[in-house]
Amino acid sequence: LWNYILKSITRIMDYIIYRFLLIVVILATIINAQNYGVNLPITGSMDTAYANSTQSEPFLTSTLCLYYPVEASNEIADTEWKDTLSQLFLTKGWPTGSVYLKEYADIAAFSVEPQLYCDYNLVLMKYDSTQELDMSELADLILNEWLCNPMDITLYYYQQTDEANKWISMGSSCTVKVCPLNTQTLGIGCLITNPDTFETVATTEKLVITDVVDGVSHKLNVTTATCTIRNCKKLGPKENVAVIQVGGANILDITADPTTTPQTERMMAIIWKKWWQVVYPVVDYVNQIIQTMSKRSRSLNSSAFYYRV
């Protein structure tokens, strides 16, 4: 009888131990799992996700960056204008030191590795009919969250898996050429050994978002001395960024997929004449804009932010 009881206790203990070890293994697998795209070993960093802000005064513990072209400060021509603007934001509840004014030279310069430092980021972008495509690409870049890996185009062929997969090039001068390949890795309408026969998709640009036929391998040629190219996956809207289009008769459509409804959600429009007439409405409506955004979020909900002033 004693041996039977001892064996029963041993079997029960073994069962408990094995179940515990199984649970530990499963949890360890889940915790250490990486988020890979389909055939895309993309490991770039992501911002911490937050829920949409519903606080009445998120600015008391947050930072706001307002990016503006140098043209604005040149026209205003007032050495004290930033202090004035800081005092105006204070009337809306933003403490001194929580609002940062950041100047950029032009759209092309801002397109090269744009850095959005604050909890909330508002980018003033003056409309220019000669730069519509550049503006659309920049807006697509900064209004969305991307996971990217460097590409070694000298060793490998690359293909895009779906509409969210793009190749993003940045630099002082980017010329991008592509050669689609068949299943025998022979060029379709081009010779893989002769870049002059490749199809040119961009010439001497600072920002290029390349979209090719999904599921087809490509040989690429890029001016790597002045440009970097990355294999990127669009995760969804970057909800702590808003682009405020200054002027222009039409809202720019930044939708990459031509079969979908144009992406022009959440727009604000006022008649633009002078830069002070742009700045004043931004101060007036800043809290309403912030309430529709999320603090450092990459939520996959459809809520990209594109405004026009």
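Cβ coordinates are placed from backbone N, Cα and C, and glycine is handled just like the others.
Values in this document were obtained by computation on a predicted structure and should not be read as measured data.
In the disulfide annotation of Swiss-Prot, Cys179 is paired with Cys190 out of the candidates Cys174, Cys190. Of the residues proposed, Gln115, Gln131, Gln160, Gln245, the one Swiss-Prot records at the same Ca(2+) 2 site as Asp211, Val212, Asp214, Asp284 is Gln160. Candidates considered were Cys148, Cys227; the recorded disulfide partner of Cys174 in Swiss-Prot is Cys227. The record in Swiss-Prot lists a disulphide bond between Cys118 and one of Cys65, Cys148, namely Cys65. A distance of 18 Å separates the Cα atom of Asp211 (Ca(2+) 2 binding site) from that of Gly189 (Ca(2+) 1 binding site). Asn221 (N-linked glycosylation site) has Cys179 nearby among the recorded positions Asp78, Cys118, Cys148, Gln160, Cys179, counting only those with a Cα within 10 angstroms of its own Cα.
Within the set of binding-site residues (Asp78, Glu199), the lowest number of other Cβ atoms found within 10 Å of a Cβ is recorded at Asp78. Thr197 (Ca(2+) 1 binding site) falls within a helix when secondary structure is assigned with DSSP. Distance between Cα atoms for Cys148 (disulfide bond) and Asp78 (Ca(2+) 1 binding site): 41 Å, as a whole number. In the three-state DSSP assignment, the secondary structure recorded for Gly189 (Ca(2+) 1 binding site) is coil.
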